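Right, one structure below, let's go through it.
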Amino acid sequence: MAAESIDHRVNKRLDWRAEFCDPALEAFFRRSMQAHDACQMRHALWVIACLFLTFSLADYTLVEADEAFTALMAMRLTVALACALLAMAVWQRPSLAQRTLPINVVCLLTITGLLMTFRLNPEGALLHLASVVSVSMVLYLFVPNRLPWRLAGNAYLVSGCIVAMLLWSILPSSLLATSLLLMAFVNLLGWMTVNRLGRLQREQFALLLEERNTNRRLEVEIAERNLLEERLRHMARIDPLTGVANRRRFFELAEQERRRANRDGTPLSLCMVDIDHFKAINDRHGHAIGDLALTMVAARCQSVLRESDIIGRYGGEEFIIALPLANLITARNIAERLRHAICRQPLDVDGLCLPLTITIGISRVDDSETGLEESLQRADRALYAGKASGRNRVVVMSPEAPGVPFTGTPPRLIPVATAANVATAAPAEARAGEPPPGPA
Ligand SMILES: Nc1nc2c(ncn2[C@@H]2O[C@H](COP(=O)(O)OP(=O)(O)OP(=O)(O)O)[C@@H](O)[C@H]2O)c(=O)[nH]1
């Protein structure tokens, strides 16, 4: 079971075995302890194997080199070999350290082998007692068996030891009671220690899980907040209806462009775009259709502009565009393209065919200006001049004659307004000395 599936239910309650009452949590704990248990198991097995072989030295001093000694050695070697084999198997497959069967088979073999030494060497009473105590402690402290199996193994060890001692009269009866007390004490101590260790481990594990759950919840919360912040930032920048920059964002970006243009000595032009007779669309078809039409006009304008151009909604049915690197001639050409993009084909708004036109007022930001306000006013004046002179046209306001716009007749290209051309009111294309339309 994955950590996520036991989320929110880290039940710290433990049973008499010092295991989690929740079986899923216990299984998860045991799985997470697998590597640790495997390591512990390997060490325990090597310790038992070494102990068994070491005690053969004592056998050698106590038993003469006869058949009994050979049998003892054979038994000790068998146990040591079984332990070594299991240790190597656990090294290969750590999951074996938590399998009841192989652990208990080796425990059974070890304990039986130990009891057999009683028979083969009835003289070494104290040696046997020491072996029983050692193996008992190893079974409790190092073999990562579950508590009932540890208790069962030790019960077999103690009862076998008592039976063997009585059967083969190994211990004088005066020492039997003391030995029993000693074994009972060792078992009590072992049980209490295992219980305490198990509880501590599981309490720590539960705390760790809780901490992990809290961290995960915090991560989710942080991600949600970041998303919300990003959405808010987006909402603070974008006009929700048309998807273009809102007025505040437009002026942030346009101001950056103005400073860059000023620094690099490059041109920057502003276009004020207003939809003609938009009120009539609202009145005739309703605001919902008006909204859709606004969105489509913004999209058509965007499709004509370059990535570096900045378009924003100025308010109502008015848009504003900053054209970096565009002098008035280029700006006028771009504005004409915008105008054509809108008027060349009626908008298909929700099945309705809406013929729309726009009027555009243009001004260039002058190098001497420290903000966008003045050029904005000029563009606004040009726009209103365009409205006044019939709409559906581009009007350019020259910085040299800011109060006097030049209006031309669509769809002809309209040159930069100057005092001279206003005075003569000659057709734009016929004006001599103007540079031809083209990139700035
Ligand atoms: N549907 C819709 N209409 C809007 C929105 N903002 C402004 N308007 C409408 O746009 C219309 C603008 O009307 P006017 O300022 O009289 O301009 P016009 O009708 O376009 O006329 P001219 O600009 O003189 O050609 C008003 O009816 C506003 O209600 C909007 O977000 N959605």
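Positions of Cβ are set from backbone N, Cα and C atoms, glycine also.
Those TrEMBL annotations? Automatic predictions, nothing curated.
Here's what TrEMBL has on this protein:
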- 266-399: domain 'GGDEF' (DOMAIN)
- 43-63: transmembrane segment (TRANSMEM)
- 69-91: transmembrane segment (TRANSMEM)
- 103-120: transmembrane segment (TRANSMEM)
- 126-143: transmembrane segment (TRANSMEM)
- 155-171: transmembrane segment (TRANSMEM)
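Counting Cβ pairs under 8 Å to the transmembrane segment (43-63), the top-ranked stretch among 103-120, 126-143, 155-171 is 126-143.
Long-range Cβ contacts of the transmembrane segment (155-171) within its own chain (Cβ-Cβ under 8 Å, at least 6 residues beyond either end) map to 108, 111-112, 114-115, 118-119, 122, 125, 128-129, 132, 135-136, 139, 179-180, 183-184, 187. Nonlocal intrachain contacts for the transmembrane segment (103-120), taken as residues 6+ away from its ends with a CB within less than 8 angstroms of a stretch CB, comprise 41, 45, 48, 52, 55, 59, 63, 68-69, 71-72, 75-76, 78-79, 82-83, 86, 97, 128, 131-132, 135, 139, 143-145, 149, 153, 156-157, 160-161, 164-165, 168, 170.
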